[in-house]
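Engineer: Here you go, one structure.
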Amino acid sequence: MTGLLSLSRAPVRFAIGLAAPVLLLLWWQWQATAHISTFAPPGAVGQAAAALIRDGTLLNDMLATLGRAFGGLFIGAPLGVATGVAMGIWRPLDRLLGPLLHGLRQVPMIGWLPLIGLWFGVGEGTELIVVSMSAFFPAMLNSHAGVAQVERRYEEVGRIYGFGTAQRIRFILLPAAMPLVLTGLTQSLAFAWIATIGTEILTGAGSGLGVTMQLAQTQQRLDIMLVTIAATALLGFVINHLFLRLRRRLLRWQPSSL
Amino acid sequence: MASRPLSTPAGAGRRFSPGVMLPPLALLALWQAACLTGLFPAQVLVPPSEVARSLAAMTASGELQAHIGDSLWRLLIGFAIGAVAGLAFGSLIALSRLAETALSPLFLTLWQVPVIAFVPMMVLFLGIDEPFKIAVVAIAAFFPVALATFDGIRGVPRAWFEVARVYRTRLPDLVRRILLPATVPAVLTGLRVALTRAWVVLIAAELLAADSGIGQMMEMGRQLFRIDVVLAGVVVSGLIGFLLDRGARAIERRATRWRTA
């Protein structure tokens, strides 16, 4: 039991947590010296990172990818929320659009790439459309669910106050649906991010982290690839973290069960 | 309130009624009419009848079955590898504090990376043949399963283990009668999520580099300007994704029926 007890101390945990990455690094260094062609040694990755940062490529790629992801998010997510809310409020629209949208949703979003590429050419536009579509569906589904399951007593209070449709939406449906709408937006962000990286890798158009990754693959540059993967992970983590904080702020009126 | 699970989408909970089919049929008719009246030229959109004909032709030549078979085979092998590895890894870090301390930081860091971002690196190491596609599917399946297994095992109340100790339950019985029933629901959910993600990533991998499979069929269709083939691929990939999800959900419901019973 004493061995386990020491695990409760943070420095010990930290040291043990470092063991696996360090072993990985050693194995990698060993691989790199064995067959140099594909394995760039860890040191080379540091140099590649420094070079990419110095000549501005990395910053440029990060900004391009961020722009694409948020561009798609700002197109797809509001459309999704609007569609979802409208479908939740107005039944006939749900009947009309529901089957179509749920049908379209079944296709993996990346799977639309060839078709949209055929229509609009393989380029920036196609990438943005696929990213927007990826952002659209989670926002639509969650907003729809949020509006559709507003508690009846809220609606009844609204009826007693003689709310019109606009007031009903503004004061009852939207606040009540807000938590799920925000859940949808969080998912939209994640989906848009993944779709951005995916479309960049697959189309290779413009600049961006995915484009550089794909280029690094054709040029057999593992060092550049690892730098871009790390940048992708870091950016994704930061964006997600910021968004969760924003979400908590927006929902601070809720009982703190979150 | 926010953590409430997403309700089933419109129509999913209701009993099936013929009226539900009306809007999609109307849409198909509209699509057909729009193409026949020349609103969309054939280079842009082909009517559903053309897509159906193309599907029938590819089925008759056996081409479609070959593509579907190849894709599903990759999915099956990759998913099996990824799921087993995920189960083992998730159990390991859930049951051993030492393993958790040693491995979870690396695991959680890698988890931040979208699986699709590993695709170019996998090509670099494995080439563009079968091992690459299977590895990508396995990685996509590994993470959700590992995480769900970890959560499932850690979610078992401590008191249950204490009861087992009081009764001097032997390890095989402990696993079979306490650990398995308590963790199966979470693990099944993880497996379902993993399956649908693996399918998406496989399509992406096939779009990038493959000599067969549904993704490759679409990519070839695009390069040859065969809109009917691309649309057929869209329909087939959507249908397979839908059936995978539905099948997994059905298994999940059956396996967890005892909970509400």
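Start at 1 and count along the chain as shown; that gives each residue its number.
Cβ from N, Cα, C; glycine included.
Sequence annotations record features per position, and here TrEMBL assigns domain 'ABC transmembrane type-1' to B:68-248. The transmembrane segment annotation in TrEMBL covers B:72-95, B:107-128, B:134-157, B:178-204, B:224-244.
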Engineer: So what's near the transmembrane segment (B:72-95) in sequence-distant terms, Cβ-Cβ under 8 Å and 6+ beyond its ends?
Structural biologist: 103-104, 107, 130, 133-150, 152-154, 187, 190-191, 194-195, 198-199, 202, 213, 240
Engineer: For the transmembrane segment (B:134-157), give me same-chain residues lying six or more residues beyond its boundaries with a C-beta closer than 8 angstroms to one of its C-beta atoms, as numbers and ranges.
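Structural biologist: Beyond its ends, the transmembrane segment (B:134-157) has Cβ neighbours at 74-75, 77-79, 81-83, 85-87, 89-91, 93-95, 107, 110-111, 115, 118-119, 122, 126, 178-179, 182-187, 189-191, 193-195, 197-198, 200-202, 205.
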Engineer: Same chain only, please: residues at least 6 beyond the ends of the transmembrane segment (B:224-244) with a C-beta under 8 Å from a C-beta of the stretch. Say none if there are none.
Structural biologist: 42-46, 50-51, 53-55, 58, 64, 68, 71-72, 195-196, 199-200, 203, 214-215, 217-218
